[in-house]
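The transmembrane segment annotation in TrEMBL covers 20-39, 263-282, 288-313, 363-385, 397-421, 473-493, 683-712, 718-745, 766-794, 806-827. According to TrEMBL, the feature domain 'SSD' maps to 291-422.
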Amino acid sequence: MESYVREVAAFLGDSIAQRPFNFAVLPICSFCIFFIPFLDSFSQLFREPSAIGSSKLFVPQNSASERNKHKIEKIFPHGIYYYDRTFLSPNLRILNFEVLSGSIYEPQFVEFYQNLRNKLELLSVKHNDGMISYSNLCSKVSEYERHCFPDLFLLSYTYLTLSQPVQYPIWHLSIYNTSQTIFMGTTYGGVHTAKHSGVIISARCVRMIFDFPPPYHITKFDDIWDSYVERNLKYPSNIRITKWSSSQYERDMKLIVERTRRLLPLLAFCLVSFCCLSSFKYGYNLRFMLISFYGVLSAACGLVTAFGFLHIIGIHLVQVALVTPFLVLSIGIDDMFMMLSIWEHAISSSSNAGIDRCDLIRITFRESIVSILLTTISNILVFTLGSLSPFPIIRTFCIYSAVSLFVVFFFQLTLFGSLLATKAPNSLCSSLISFSTQQSYSESSGETQSSIQSERFQSSLPLLYATIFKNKYFLTFICFTYIIYLIGSIIILNRKIDIGLQLSSLLPFDTGTYKYLKMYEEYFSQYNTPLEIVLPDELDYFDSHLQWRLFRAIAILENTNYTTKPTFWLPVFLDFLGNKNNTEGFVVNSTSFHENMIRFLQHPAYRHFAGDIVFEGLLIRYSRLHMPLFNITRLNRRNAMHLIMNKVKIAEKHYSIRFLTYHVMYDLAEQDDLVPHLLFTNVLLAGMASICTILLLTPSVMNCILITWATFSINFGVFALLNVCGTHLDIISTIVILLSIGYSVDYSSHILAHFYHFKSHSKDPIGGTLSVVCWPVVQASVSTIIGVICISPVKGYIVRTFTHGVLFVCCIGLYHSIMVLPAFLSINAYGYKISFHFNSCRFYGPNCFFFRQHQYVVESKC
């Protein structure tokens, strides 16, 4: 297979050398066609809110909670606290207040709080010949809708507290003949309470919650609201305020797009500068600098084409995929480095003018194709397998990465190959001039040209570096460092790895929403919004036995470490009937039951229950209850979800009553459930993909063993260092690890591909391999590091995790490819014949490597 691939590559190189402009037409036309869609893919991120931070991107498709959510939405279209049952619900606008000194019940703070709420309630804009404001919208809300509840903090500062002090987390309040339980857990933070009564003694934080009724997404109102709370809000110095709204969240997420777009020119400049400067290794020749620039230009055009193509076919760009240009462009020019290395060796190894342009391009393609294909196919296979993930965010990232890598590979072969062919005559002339000078000097000194050529190779840095792998003391040192590396990784991975994504991880660190979420996680996460429990079957609420079974089943759900007493209309209704002396009518007559229900739901203290009941004629078809949650954090939300679901199954089995449950926490908890399994599967499939690629192109059992070892060894260290940097095992780190798995063995694949070839064509396979591969591998590693450093100004958990991951992969991968792997190959190749003396090493590889044209007979027509 390797010989066939080389023959095809030699034929392709010969064809490109003869007709370079013909091969450049297709990539150039593709670039022109997809350039406008590429620009539109970025502008789409600003136009479509659904593409920015949509919670659906992070939810596994067709999960149990997702199915329950859809079933509940058919019965009750809207949630209670979260209108659309997502964390980004548009009905909520919240201000968190943290009193740095003093108390939230000091008169000055209460007055400031009340004045601010009045101002925000009256904040208005003109819309459709009417005025939109919170107070105006609330005045039009049906009395049966759950919106515009009174401010609980101001309610707790009324005369009611004289006889009924505020309790935390549930305030039991009795007014006249009615009793109410008000959940205060999501209103106060940093609370100190009396030991037994739960009465609030002091609190550090309080939340001002605005529950807006429809309509939503009125741009003018969003802008004036966000502008006021961001710029015009004046508050005392002892108060810290953070704000939340769905419009602010989207605007903060768009900062990622804005900052990334501004950094793309910096990326191009840095990569072009590095490639041009690193080309000085081949001599101070401006032509090599120009060729390096062509390599970056070709990869950039391929990247633009890939993004434009994906946008046209309907796969829209998302914020996580914005790191793809910084990775793919850096990875894409690896092919250019490898081709240039072989190009330079071919020119330097030519001892006469017998090699023409077609020979040069043919040799370059023939000798680089196996190495390039190994890395490209492995990466594409890894990302293709990753695109089968149940998470839309991972699928989108992997599709963008896989398609981009393929298109960049195609552009490097065609467009860069064509540009290389057009520069071949100039390079050959430059080479021949230097050879002519060397030949003249050689004749005068009585030495042959080949001896000068050999000395020049032996004095080069890669060859000098290759010789030390024949010294057993150096090999011992490498083995010692590798043992330290393994022991250190094992010790670090023995630490507990935190699992779970925080919502704040999706935002840049300097945004208002990030600060709000961090305050929420610190002070308000102890108590969560209520769990929604729906009774989807038609039940006979007249039956006292059913009431008993229902209350017993609910008691099972209530009896956990994460749930408290629920808010349910039925016991309140029974209490209402008991006070009204209507219990007998309820049991006997459905008509009187319906009349009593109407009277109950019209009562000011109970009318909010109307949103929890669906009537079908005179009977109740569906109903729901709400169970507050507490003590649920990122670390235990998986356990909480599974415990609640198990309790639901037990209640259903014992009392034959079906429940549907849903909470926004379920999305994140199910994500936490799948991530470890997904990570293990990706590692296994990626390892198999690398092995299959090795078997296909360089069929060798030893290569398969080494590539498997390199995959696990490199990623072992990457996982350990990511853990040290505080990275959690979540969906973001899963993407980074997937990238790490695909990219980790690129450098090792280059080494193994060339060693496999040199082993049968050179007396010194290690020296031959390192002379060709060492410098391109270093260039590729440095260029990739430069690429990810360029995105580091976009400060945030996503970018930080990607930056750390790629830095660790590059450094550890480089260590394995140019130190550990050559050391092992040296031991395996030379065994006990390793010499103590460097001067015993001879390098015969280049001439054997580059001039075996009799093996691949391709007629030159240049």
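Cβ atoms here come from the backbone N, Cα and C positions, even for glycine.
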Worksheet item: Under 8 Å, at least three CB pairs between the transmembrane segment (683-712) and the transmembrane segment (363-385) (pairs 6 or more apart)?
Response: yes
Response to the item:
Residues outside the transmembrane segment (363-385) whose C-beta sits under 8 Å from one of its C-beta atoms, at least 6 past its ends, are 2, 5-10, 12-13, 16, 331, 334-335, 338-339, 342-343, 346, 355, 398-399, 401-402, 405-406, 409, 412-413, 417, 420, 682, 685-686, 689-690, 692-694, 696-698, 738, 741-743, 745-746, 749-750, 752-754, 757, 772-773, 849-850, 853, 856
Discussion item. Cβ pairs under 8 Å only, please: of the recorded stretches 288-313, 397-421, 718-745, which one is richest in them relative to the transmembrane segment (263-282)?
Written reply: 288-313
Fill in: the transmembrane segment (473-493) versus listed stretches 20-39, 288-313, 397-421, 718-745, 766-794: most Cβ pairs under 8 Å
718-745
Worksheet entry | Positions whose Cβ lies under 8 angstroms from the transmembrane segment (766-794), at least six residues beyond its ends | 256, 259-260, 263, 266-267, 270-271, 274-275, 278, 281, 323, 326-327, 329-331, 333-334, 337-338, 340-342, 345, 367, 371, 457, 460-463, 465-467, 469-470, 508, 743, 746-747, 750-751, 754-755, 758, 800, 802-803, 806-807, 810-811, 813-814, 817-818, 822, 825-826, 829, 841, 843, 845-846, 848-849
Response to the item:
Across the domain 'SSD' (291-422) the predicted model averages a pLDDT of 85
Item to complete: Give residue numbers and ranges for long-range contacts of the transmembrane segment (718-745): same chain, 6 or more residues beyond its ends, CB-CB under 8 A.
Response: 58, 320, 327, 331, 378-379, 382-383, 386, 391, 393-394, 397-398, 401, 488-489, 492-493, 495, 497-502, 505, 634, 671-672, 675-676, 678-679, 682-683, 686-687, 690, 707, 710-711, 784, 797-798, 800-802, 804-806, 808-809, 812-813
